[in-house]
Structure formats: C-alpha cells, structure tokens
Amino acid sequence: MRGSNQSSVSEFLLLGLSRDPQQQQLLFLLFFTMYLATVLGNLLIILAIGTDSRLHTPMYFFLSNLSFVDVCFSSTTVPKVLAMHILRNQAISFSGCLTQLYFLCVFAVMDNFLLAVMAYDRYVAICHPLHYRTKMTHQLCAFLVFGSWMVASLNALFHTLLMARLSFCADNTIPHFFCEVTPLLKLSCSDTHLNELALLFVAGLIMIAPFVCILVSYILIACAILRVSSPRGRWKAFSTCSSHLAVVCLFYGTIISLYFNPSSSRSAGRDMAAAMMYTVVTPMLNPWTQTMRGSNQSSVSEFLLLGLSRDPQQQQLLFLLFFTMYLATVLGNLLIILAIGTDSRLHTPMYFFLSNLSFVDVCFSSTTVPKVLAMHTLRNQAISFSGCLTQLYFLCVFAVMDNFLLAVMAYDRYVAICHPLHYTTKMTHQLCAFLVFGSWVVASLNALFQTLLMAQLSFCADNTIPHFFCDITPLMNLSCSDTHLNELALLFVAGLIMIAPFVCILVSYILIACAILRVSSTRGRWKAFSTCSSHLAVVCLFYGTIISLYFNPSSSRSAGRDMAAAMMYTVVTPMLNPFIYSLRNKDMKGALRRVLTLKYLSTQ
C-alpha cells in the first residue's frame, strides 16, 4: 500500500455515466431502484432457503451463496454512485479506490466460480441422479464454496497489491463509475507490463477455467437430455437447469462483450454500459431467473381459473359485460390522457397526477380483463405458473400505484385549498415527479417482494383457483407449503402500504374540511369543496370495495362476494374514474370537447 507515496495523486475523480444534471437525476433514481430490488430480492432468496427445510439441498445452498455474493457485488459500487449524486462529490481516495477494486475482484470471481459449481451440481443431478446424494455431500459443497472464496480473495489481493505499486502522476480522472483495473492501468505513469501480464494470465485463467467447466457440464447435460425418449422427460430435465443457464448467458454475455472485443471498437460509454450490466443488472435479475423455477417444487405447472360463472349463458353475458367495460375503461382513460397532454391549461400538478392515474387504470384493467376475455373466447381456463406469478406481480404494482396516486392527489388538494398562495412554490415539477416516481418504486418493490415469496411456495394436487385472476389469498389457500411468512408479509408490508396512504388521505380531508368550514360564505365553501369532490368520489369507490373485500370477518366472506368486490376495484373503478373526473370538471369537459372536435374535423 505504500505505492501511493510514489504518486502525486492522493485521490481519483470518478466521472460517472453522465455529466448532464437531468440525466444524473434519472441515473440516480435508476441505480437506487435497481439496488433496492437487488438487495430485497436476494435477501428474500436467502431468507426463504434458510427457513424452509425442504430447500436445504446442494442446489439451494449454492443459490443462497450466489444471492449473498450478488448483494455484496452491487454494494461495492452502487452506494458510492448514489453518494456521488447526493453529495455532488466525485472524489474517491487512493486507498478507497484500491479497497473498492479488491472487493470487486473478489465478488466478480466468486460469481464466476459459483456459476461453475452450480453447473457441476446440475450435471450430477441430471447425468448421475442415483448417485447425487453420495456425490454432492455437505463436505464437498462446503469445500467448493470455501475454495472459491479462497481463490477469489487471493486473486483480488494479488491484483490490488500490483496496482498499489504503480505511480499516478498528473491525470486523476477515471472515465467510469467505479475503480476498475483497465481504466486505472491507463492512468498510471509507471510501467504496467507486469499488471497486464497478470491480468491476462492469472485473471484470464481464473475467468476462463470456470467458463470451460460450465461449457463441458452443459454439453454432457445436453447429451443426457437427448437420450431421454419422451418429450415431457426432456423438458423436465431441461427445466431443472434453465434458470441457471439464463444467469450464465447474462453474466458471461456482458463479460465477453466487455473484455473480448477488439480495442478499436471499444469506447468508455460502451465499457461502462457492459460493466453496469454485470455489476448491477445481473445481480438484480438473478432472484427473478432463479425463483421462477420454484414451480419445479410443485406438481402443478398451471392453474385453472374458474371465473365468475360456469353457466354458458351467464358466461356469454359476462363476456359482453367485461368487453364493454374494458372498452369504456381504455377509451375513457386514454381520452383523459390525450386531453391533458394537448391542452397547455391543464399542465398543472392536479392534472399531471390525474393523467398518471388514468394510465395506471388502463394498465390495471389490462392485467386481468384480456385474460378473462381470452378464457371465454378460447374456452380455455388454464394459466401457467409463471403466467400466474406475472399477473400477480402487475396486479400488486397497479393496485398499490392506484392507492399511492389517490394519496398524492389528496395532498395536492390539501395544499391547493389550505395553502393556495404557496401552491405553485410547494407543488413544483420536481416534487410532482418525485412523488410519482417514488410511488412506482415502492409499488414495484412491494410487488417483487410478494411475488418472490409466492414463487417459493409449493402447489400439490389442487390447481383450481375460484377467481377470475391470480390473487394472493386464493393462491395461498391452494398451497401445500407453510404460508406463515407470506401471511405475515401480506399483513405487515402490504397492509402498511395500503393503510399509510389511506391515513394520508383521511388526514388531508380532515384538514380540508376544517379549512372549508372556516370560509364564511356558502358559495365559497361550495367552490372549495367542488375542487376535490371528484377525487373524494373516487376514493370512496376504491376504498369502499377494498374494505369490503379485505376487512370483513372470514366467516361472512364467500368466493362469489370476494370476486364481486375484486371486480369492482379492478374493472369497475378504473372504468368510472374518467366519467367522475370529467363530468364534474369544467376544464376537463372543455378539453375533451376540443379533442373530440379536432378529431371530428380531421375526418371531414
């Protein structure tokens, strides 16, 4: 470490991905979202494997180690990137840079080795299934992981010590968002031949050997799968390693594009994009790709959605009803978005939030209704396991987004009525964008949390869902696993996310009511109340159905009643929102009239 004394450089400046202030804000939000998703997703994997004794197998032991390494890998770079944006300070000390370089080398090599170990595990499981338990012993698994840590640590120490010996003179700007070997070698004013040779032979060997191991394992696996006579048997064998194969392609694809391209075709921007893929994006996606194979623990590969009725005549009526409501929802909400977008007088916080609500409502209905219509048209009630989890994820996202946007709009009305003189200074463009983006982040993370927990459950004999979409409660009722963790998550996490905005709305309207009652004239009171009456009607409609669905005693609940309430908040409420907001709002009616007039004139 004394090499730093030979340098005139005591710190480096990380230039990051962009110097544009607006792009930097966007990148901050992007990195923050991906980092939260990475940490939450991978910690959930570790928690699920640790608490479920059925997952105490070599495959899941290696997966939990991979999840831990992925959290550490992202934590080596992303917190520093976020700190740079918050503190407006791009500096990193010489020792800090070397420390970051050391841990980057450790976790990159660990990712590499663990993927190779997991490939060997899949090879033994598929090619030697009868000897799997005797070959993949606890001792061997522990040795493989511990050996990987040892080699990764020694390799990182070797490269860091070689880097510490170099001198850095005038230039201290690193065109990257973290301290990486190649940019540092380019900055050095010392002879870097020894470092380059070490990078080529030692690091190259350490990266290539596991890749060859993975390649050989999958060639042998492919040969074994091709010897299976039945297509179902082949698919079952392939599905046990498909998730791992997806992660391998993602990880090595970015590594190869970054380090094995000719230098003439490389650029700093391209290198940073590839580095971002394997240090941030891949660790974030690993939980998704790995947990989607949770269906392999189940005898159920698909579910049957029973729908609202089994009577053929009622089904025809329901098809027409759903089709009509869906058309009204899409057309009404898209007209709202179009009217707000084309009328500059509606470019205010209230209408910005309303356009976002309309977009979410279209997406919310589109998550369930097209599937219902397809079921009636194709006479097929089946939905795949992954399709069910995908539908569940987007339902959770848009339900929470509806909830948050109603709370944000209540706060907007509170500021407009209680602090009218400060409205423009308080409800700035930055605050509005932050409130909407923050809502998307929390909604997405909550949905990811609930979906990953659901993916860990096993489903045995019964695969019939007494509903018209994949909802959390019916799925938990079907599971043959212990669902206590899911129930606690639903109670505390989802409950808090739903209740907190409701409390915000309640407090906002109490303060609004107090402000309105202080107005002396009846006309003034009515004018103040009319500015939030549409929003209040939507709140009552949305929360009325939510409360009737989830806060009733279980003894008084039935599948039919639950489906009717669910239909209200997933289909009916999104359809009625445009009518409620446009019929009671002169500005909106005027904007819609102008849009429709222009449309009519353009057809003439």
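Cβ coordinates are placed from backbone N, Cα and C, and glycine is handled just like the others.
Some features that TrEMBL has for this protein:
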type	residues	note
TRANSMEM	26-48	transmembrane segment
DOMAIN	41-290	domain 'G-protein coupled receptors family 1 profile'
TRANSMEM	60-81	transmembrane segment
TRANSMEM	101-120	transmembrane segment
TRANSMEM	140-158	transmembrane segment
TRANSMEM	197-226	transmembrane segment
TRANSMEM	238-260	transmembrane segment
TRANSMEM	317-339	transmembrane segment
DOMAIN	332-581	domain 'G-protein coupled receptors family 1 profile'
TRANSMEM	351-372	transmembrane segment
TRANSMEM	392-411	transmembrane segment
TRANSMEM	488-517	transmembrane segment
TRANSMEM	529-551	transmembrane segment
TRANSMEM	563-583	transmembrane segment
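Taking pairs at least six residues apart, the transmembrane segment (351-372) and the transmembrane segment (563-583) share three or more Cβ pairs below 8 Å and count as touching. Counting same-chain residues at least six beyond the ends of the transmembrane segment (101-120), those with a Cβ under 8 angstroms from any Cβ of the stretch are 59, 62-63, 65-66, 69-70, 72-73, 76-77, 144-145, 148-149, 151-153, 155-157, 159-160, 163, 178-181, 184, 203, 206-207, 209-211, 213-214, 217-218, 241, 244, 247-248, 251, 278-279, 282. Between the transmembrane segment (317-339) and the transmembrane segment (563-583), three or more CB pairs separated by 6 or more residues in sequence fall under 8 Å, so the two stretches touch.
When Cβ-Cβ distances below 8 Å are used as the criterion, the transmembrane segment (392-411) is approached by residues 350, 353-354, 356-357, 360-361, 363-364, 367-368, 435-436, 439-440, 442-444, 446-448, 450-451, 454, 469-472, 475, 494, 497-498, 500-502, 504-505, 508-509, 532, 535, 538-539, 542, 569-570, 573 of the same chain, each at least six residues removed from its ends. In the predicted model, the domain 'G-protein coupled receptors family 1 profile' (41-290) has a mean pLDDT of 84.
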